[in-house]
Every structure is written in structure tokens, then in C-alpha cells.
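Asks: One structure is given below, represented as C-alpha cells, and several questions about it will come after.
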Amino acid sequence: MEQTEKSKVYAENGLLEKIKLCLSKKPLPSPTERKKFDHDFAISTSFHGIHNIVQNRSKIRRVLWLVVVLGSVSLVTWQIYIRLLNYFTWPTTTSIEVQYVEKMEFPAVTFCNLNRFQTDAVAKFGVIFFLWHIVSKVLHLQEITANSTGSREATDFAASHQNFSIVEFIRNKGFYLNNSTLLDCEFFGKPCSPKDFAHVFTEYGNCFTFNHGETLQAKRKVSVSGRGLSLLFNVNQEAFTDNPALGFVDAGIIFVIHSPKKVPQFDGLGLLSPVGMHARVTIRQVKTVHQEYPWGECNPNIKLQNFSSYSTSGCLKECKAQHIKKQCGCVPFLLPGYGIECDLQKYFSCVSPVLDHIEFKDLCTVGTHNSSCPVSCEEIEYPATISYSSFPSQKALKYLSKKLNQSRKYIRENLVKIEINYSDLNYKITQQQKAVSVSELLADLGGQLGLFCGASLITIIEIIEYLFTNFYWICIFFLLKISEMTQWTPPPQNHLGNKNRIEEC
């Protein structure tokens, strides 16, 4: 043990000797040399005003210049603090710009019949209304009473018909689009047909999208305002029906206007056109650009697996699909993703409780940067203005009745006319921008330094060099002091003993 302590002492002494030897090669400047170094810095630095403190012979002038320099340093420190404080509040500005163009891309439009099911298919199959109510819960939560008659019937049906595919039923027995339901279609003066529409499932069952991103129509552009898409639908109320008990009491067409790259979102965004009416819709294109965090709330690094472009609605669907797949081992057909399709039994036993859990725990949230689905960094919307007129007129009623070989009452109760066009060939860009960029901040700080102190980046480097040199000399001074103190050795033990004996005498 004693041997170990001795070896440590020898090692420390050896290290100190090495430090002392190294410092002896670079001796500490004398006080005169250090004073000269300080004087040379004061008269040569580009920090204006300091040389006046040193070189002036008058003490009054020296004091005045000292006050001026200290005041300038205080002011520039205050100004820099204010600007840094303002920068780190991440301020933004909003710019609005209107761009006029010769041609504009036409948006996608998704149409659905408010009466979702074929009458003959559901005449003896009334439980399908409640089944679809359960299935479409994945798109937006609905209050479902567990003790209701419809719920019990749906549960019993799901237990006894395990191989039943509600997807195929809706596809085959829901609303369809052909020449009997789409009586007339015209896009920018050219005829179109049901083939130009892409099928899509929504909470309204079978819906059809014109100008879908995967069709050739999506590449067409409108070059004249006031012209666009003109459609004449036959909702055929006798052939299609719905359940008024679930809130479906209207007759007509519901449609939503959206970007061709995005899926339709009806919840709160659908436009209605009732039967016996001509709906004229004028739209504008509005592009909104949001800044990323911390200036804004968007996150440019989020990519969706099943959609080409990011949207909060698409993100919410993927979020729900991931939780359901993890807990239930299947994916609802109304949600994106790959995997086993959830059967009816899974909807009751697993999917519905998981959706309630997602809502209760806020597992899929929208809005801020730290939510599951923050706002889009860039989104395109189509604000619409809609006006109605009675359709058809008395003269047109006679013409259509003869052309379609239908009664006037049938024409009034089943036909819907819809026109969609741009109000102007321009689009508005609303852009959120950084109020202060890094380059602007540096320029502002440099301006403050130059205004109050006549300083620049080179001046700051000079001051840093001066402070570092003095700090280096202070370190050398203390290291030399430490090495001198370690050279002192205590007096031998026998001397202490003799001293004690003398004191005793």
C-alpha cells in the first residue's frame, strides 16, 4: 500500500517537473512586456475610441472617451440582445400574391348519390344500412348505440355470415355511373363519358371522381374562364334509396372539389345539389405555403406510404390504419394500406373499440408540429361560390320529357344539373415567410456593431485574440506557482520531537 502511494507521488512529481521544464522554455513575459502588449493593442485595434483613452494626455478627455466607449458598448450589447430575443421568437410574415396565367389545371371533382344503395338489393336486406354505418366509422367517428335494434341485428348478421363481403356488396349494389345515371357530360366544350370517372369508396359508398390524377383528363387545362365541367345526373330515386333513420333524408348529388393528387374528403367539405336544381359553381385556386417548425407548424420530413403527396386527411387515414393493423391484424377497406381485409366480425370485436381508443387517447391528432399529422407545408384548395336556379324551365321540361321519354314529374324529381368553372384565370398564393432570416440577422448585428463601436468581425477576432493571450499568461503564472509550492518539503520528524522536548522542559 505504501509502495503504491509512493509511486503516485513520484508520478505526480515527474509530471510537474515536465510541466516546469516546458514552461521554462516559454518564459512568462515581464510586467513591462505585458504592459507594452496592452498598450500596443489599445492603439492598434480597429475598435474605435480605445486609442483615445490611452493616447490622450488630458485626463478629462480620457475620462470622457472612457464614458463614450463604455456607453457605446452598453448600447450595442442592448441592441444585440433585443435582436437576438426577437429572432428566437421565430416571427413570420404573410404575403399574398395573385398570379395571372393563360391556362390553369382543372381540379378533381368527386360525385356521390345521396341515396347510396339500390332499392331492390336492400329491400330484404335492411341490416346493410347499419353495417355500412359501422364500416364507415373508420373515416369519422359516429355515435353508435350498442343496445339499439340495428346494432343487435348487425351483430347477429356478422356472426352468421362470416364470408359476407360488404365491399363487393357496395360495389355491386350501390350507386353506379353509366349512361342512364349520367345523361350528359361536357368538359370545356368536348364530350366526356362515365369512362372518364374513377371509382372511389367514401362514406357515401360508391363515388366517382372526374379528372383523377391517374387519368388523361388530369393533364387538361382550362384556358377560358367561365367554362369548365358541365354534367346532368339522373339520381333515379326509385332505383336508389337510403335509411332516413340514419340522417339520409335528402335527394340529389353531393360533390367535393379537390386536388387531383389527393383523395376526396367529404366530412364537412361536401357541396350539395338537390334534384330539380341547376347548381352553378365558380371556383378559385388558392395555394398556401406554411413554414416548418419553429416558424410554422409543418414538417417537411413526413412522407406518406400510400399517397404521392402529403395531406392531413391522408395522414389521419394512415395513422388509423396502422393502429388498427397492429391491434386487429387487418386493414379496413376504406383506409389505405396493405394487409388482410377486416371482416364484419373484426369490425365489431376489434376495429370499433380501437377507433374509440384512438379518439379517447388522442393517438391520431392534427394541427401542430408535434401532433401525429401536422399541417401540410404546401396545399392547394378550391374555394367555391355556388348559386342555384330551378331546373329545368317549363320549355326545357317539355324538351327533356320528350327526349328521355319520362314524365315531367320524373324529370323534376330526379334530374340534377351541375356546372363547375373558374371565375378567373389566376391563382392566389398565400405564403408564410420568415420575418428575419439568418443573413438578415447577421447584417443587422454587423450594422449595430459598426454604428456604435465602428467594429466588425475582424475587430471581434482581435479582441478574442487579446483575451486568449492574457488568459494563456495567467495559466502559465498559476502553473509556475503550483510547481514552486510542490518543491517545499516538511521538516523531518525527529526535529518535531526535539521541539516537543524543548517545550516540555
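Don't overthink the numbers, they just go from 1 along the chain as shown.
Cβ atoms here come from the backbone N, Cα and C positions, even for glycine.
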Asks: If I look at Swiss-Prot, which residue among Asn56, Asn306 would I find recorded as N-linked glycosylation site?
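Replies: Of the listed residues, Swiss-Prot records N-linked glycosylation site for Asn306.
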Asks: Of the residues Cys315, Cys328, Cys330, Cys342, which one does Swiss-Prot pair with Cys373 through a disulfide?
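Replies: Its disulfide partner, as Swiss-Prot records it, is Cys315.
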Asks: What does Swiss-Prot give as the disulfide partner of Cys328, choosing from Cys298, Cys350?
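Replies: Swiss-Prot lists the disulfide between Cys328 and Cys350.
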Asks: Please name the cysteine among Cys298, Cys319, Cys453 that Swiss-Prot pairs with Cys377 through a disulfide bond.
Replies: Cys298
Asks: Across the topological domain 'Extracellular' (83-459), what is the average pLDDT of the model, as a whole number?
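Replies: Mean pLDDT for the topological domain 'Extracellular' (83-459): 86.
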Asks: Cβ neighbours within 10 Å, counted over all protein chains: which one of the glycosylation sites Asn179, Asn306, Asn370, Asn405, Asn421 has the most?
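Replies: Result of the Cβ crowding comparison: Asn421.
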Asks: Say we define neighbours as other CB atoms within 10 Å of the CB. Which of the disulfide-bonded residues Cys192, Cys207 has the fewest?
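Replies: Fewest other Cβ atoms within 10 Å, among the disulfide-bonded residues Cys192, Cys207, is found for Cys192.
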Asks: Work out the three-state DSSP category of Asn370 (N-linked glycosylation site).
Replies: coil
Asks: Can you tell me the CA-to-CA distance separating Asn405 (N-linked glycosylation site) and Asn179 (N-linked glycosylation site), as a whole number of Å?
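Replies: One finds 15 Å between the Cα atoms of these residues.
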